[in-house]
Amino acid sequence: MEETAEFVSNAGEDSASVAAVTMDVDNGLIEDDKSKDAEVAPALIAVHPFEKSVAVAVGFELRLFDLEGNCSVSLVDDSGGPSHSDAIRAIKFGANGRLFASAGDDKLVKIWATNPWHCIRTVSAEKRVSAVAISHNGHYVAFADKFGLVWLIGLEGDNAKQSNNDKKAVMILGHYCSIITRLEFSPDDRFIASADRDFKIRVTVFPKQSLKGAHEIQSFCLGHTDFVSCLAFAYPSGCANGYLLSGSGDSTVRLWDFISGVLLATCEVGAKVGSLEPNGTEDAQSPISDLCASSDGSIIAVALQYSNRVALLSCDFSNGNLSVAKVVTLEENYFPTSLGSSSLSKCLWMVMGASNLPMPGSAQLPTRLRIISGLRKDPSDYHCHDPIILEDNEVPGGQKLLSELQGSLDVTKEEAALAAAAAAVKASMRNMMIKKEYTLERREMRKKNRNDRKIK
Amino acid sequence: MSDNTGTKVKGQSCRLPRKRFYRARAHSNPLSDSHFPIPICPAEFDYSHHYPYFFPSGGEDHKNGSASPRKVRFADIGCGFGGLLVSLSRLFPDTLMLGMELRDKVTEYVKERILALRASNPGQYENISVVRTNSMKYLPNYFGKAQLSKMFFLFPDPHFKEKNHRRRVISLQLLDEYAYALELGGIIYTMTDVEELGDWMRSCLEDHPLFEAVSEEELEADPVVKLLTSATEEGQKVARNGGQTFRAIFRRIKFEEE
């Protein structure tokens, strides 16, 4: 164990580098802490804002399907950089759909043009990348690393004129050594919001000369009592100001006035929806795994890490009221790891899967794609269209799409693998995000093993 | 030590805690996960616990009446044994000040010291308190935007090794958070006896768009500046050994985009 060795050789209470951030120091007293599943990344999905294509990332694989041409997309990489070689942790489409970004544990940020699909830039990060965002004007790509720093890549103007290869990203802001879980630009590009595992959401003014750094903090949104897992801006029509929505490991979704940092509403989604542990026990504290909101906030879909139900929230922005409006129950053992939706918000796309499955077997990593349709209802006939889960033969793109994005058409055979994937994702999230608390005994034990205490 | 408070000893009514019972390691890792309680947001910070004189439990702030409640205005980050807080308390008796210290034994000492001072000098030292916290991680949990008028970073851990530079309490990224907590015109005081760290802190502050150096004349007129070396335990130690100090004192300014 690398960390242990480092720890012993290190004087003082520190364990340095990544170990210090994740507090992975372990003397073998906790058995399963360091098992392989610590490095499992959830499968991700992103939908083109105009529903022209869909992307699924699982492991280092990026799977794309062109919904317009009804064909799979083979990725062309002429940026001269390496391709992804480790788990992809974040994918995102730009607001106008022309850009797409992918980044992950291999410390690469790849920026793609979508029409036609080709990689226009590969940027090497110093640390593993945990989040990525594209400014709405398409001029910048921001990414965050596991050490809590946010970096910016300029794509337009002077920045683009630099030679294409040695353009480095510039650091613009930092959370103090905390894993940043999500990055999001406000729709007007005036702010950039970053969420971390230390319960914080920081809203920073995104300046015009942003490559010089974003130093002015607009607000901190504080109220979550566990890591923040997802963020979404919402600008409801008729409201002058925008709002921020966040989901967290504390099983709640919260609504913020991000200009002042005031908490407007809290929705205990976990308690309302209920979630199931694999062994059948209820676990109300299931972390929110993803949140997907339409730009006007009229549709807010929330997935819990261990629930086969997706909650649709309704939000009364002006009165600060956030509540669960509908619960869509999916098949048993389906726990979406990521949600996606186009700006049209007709359908909610969901994917379930994980990288580095603990069980070997199939050559391709299986994922399971499901779609909930009928989200956007006609206000005139309120009760007519309930959200429905599309059957596999009703999915746009049909079998072609499913076999491309899922890895195989018939993933029912892979059910065991998928269930294992869900469990692995949960365990690895917990390892990464939740602060480890050591017993008094263990702390004493560690102190005894401290190098500077050994007297010869 | 609490059994000592209130006992009458010749000449002094309450015995101050003695440092030798509070020996602590000089360094503490600010990167490690902490498990001490932290207020979820500044509104959850318990003022009546820290400043019972200004916030009698159950009652309104009797000094301010219905006006906006009094808030902490000075923060001493890494307050150590609290020498500066005690001196500042006499200089600004109506200003609430909070010391923040990562080492728990040291925090205990300061706590006892303040309680002993309050007991032996009724009505005094009611405006200072201390918390054990990691200010590099949790500063926004204690202070709202533009709440502070002065922040002190005196004789911080120098973290010489380059790979440990990110543990330094002054860095370009952390200055963003300090700028957030400081009001416009608020002042950040830094001082060290390590030249390398002095240069580092100065260059961080100079590079940050939200801070500008305070002029020498203003520093001359500022009564606080003299306390930086004379009131702090570390400052006194440096003076005893005839060492040099390096200070960088900057003001929070408005962000101007060129």
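A Cβ is built for glycine as well, from the same backbone N, Cα and C atoms used for every other residue.
All annotation found in TrEMBL is predicted automatically rather than curated by experts.
Note: B:Asp157 (active site) has non-local neighbours B:Ala26, B:His27, B:Ser28, B:Gly78, B:Arg167, B:Arg168, B:Val169, i.e. same-chain residues 6+ apart with C-beta under 8 A of its own C-beta. Taken from TrEMBL, the feature active site applies to B:Asp157.
Annotation note: B:Gly78 (S-adenosyl-L-methionine binding site) sits in a coil segment as assigned by DSSP. If you look up TrEMBL, you'll see B:Gly78, B:Glu101, B:Leu102, B:Asn134, B:Ser135, B:Leu154, B:Thr232, B:Glu233, B:Glu234 marked as S-adenosyl-L-methionine binding site.
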DSSP-derived class (H/G/I helix, E/B strand, else coil) of B:Glu234 (S-adenosyl-L-methionine binding site):
helix
Using a Cβ-Cβ cut-off under 8 angstroms and a sequence gap of six or more, which residues of the chain neighbour B:Thr232 (S-adenosyl-L-methionine binding site)?
B:Gly80, B:Gly83, B:Leu84, B:Leu154, B:Phe155
For the binding-site residues listed here, B:Gly78, B:Leu102, B:Ser135, B:Glu234, which shows the highest count of neighbouring CB atoms within 10 A?
B:Ser135
Where does B:Ser135 (S-adenosyl-L-methionine binding site) sit in DSSP terms: helix, strand, or coil?
helix
